[in-house]
Structure formats: C-alpha cells, structure tokens
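These come from Swiss-Prot:
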type	residues	note
DISULFID	8-63	disulfide bond
DISULFID	9-24	disulfide bond
DISULFID	14-22	disulfide bond
DISULFID	31-38	disulfide bond
DISULFID	35-51	disulfide bond
C-alpha cells in the first residue's frame, strides 16, 4: 500500500479482492515520481512509458470521462 503510483488511470485493471491489487496500463509522457518501476514502451515515437507498479488499495479515478 502507501501512495498510489498514479493520480488517475483510464486503462486500470484491478483484482476483485479487498484490498484490490491494481495496475495501470496508460501510456504516459513520463511516469510520476511515486512510480518505482517505469518501463519504456518499445518503438514508441514520441517516447511513452508505462508504470509497471502494482498498487494495493482503492482503485484510482479515471483521467478522462468516456462520453
């Protein structure tokens, strides 16, 4: 647990357990300072990154509302 590695996430997958284990697959211009394991997306131009961390706790809100 601790600080969530992302403030919000559109492509989030979480387990149904309590607390949930969540991953965020959003493509980012850069990972947040809270992200411990930041992976570069291969062949991305401009460069994009995914935070590889697994967060245990309350799922993050979505960054963008899907209309």
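From the backbone N, Cα and C atoms, a Cβ is placed for every residue, glycine too.
Location within the structure of each feature annotated in Swiss-Prot.
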residue	record	Cβ neighbours (10 Å)
8	disulfide bond	13
9	disulfide bond	23
14	disulfide bond	19
22	disulfide bond	21
24	disulfide bond	25
31	disulfide bond	19
35	disulfide bond	21
38	disulfide bond	15
51	disulfide bond	23
63	disulfide bond	14
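Calculated from their C-alpha atoms, the gap between residue 22 (disulfide bond) and residue 8 (disulfide bond) amounts to 12 Å. Taking the Cα atom of each, residue 51 (disulfide bond) and residue 38 (disulfide bond) are about 5 angstrom apart. Listed disulfide-bonded residues near residue 14 (disulfide bond): 24 (candidates 8, 24, 31; Cα-Cα distance within 10 Å). The disulfide-bonded residues shown are 8, 31, 35, 38, 63; of these, the one with its CA atom nearest the CA of residue 24 (disulfide bond) is 8. Taking the Cα atom of each, residue 8 (disulfide bond) and residue 38 (disulfide bond) are about 16 angstrom apart. In this structure, residue 22 (disulfide bond) is part of a beta strand by DSSP. Across the structure, residue 35 (disulfide bond) and residue 63 (disulfide bond) are spaced 17 Å apart at their Cα atoms.
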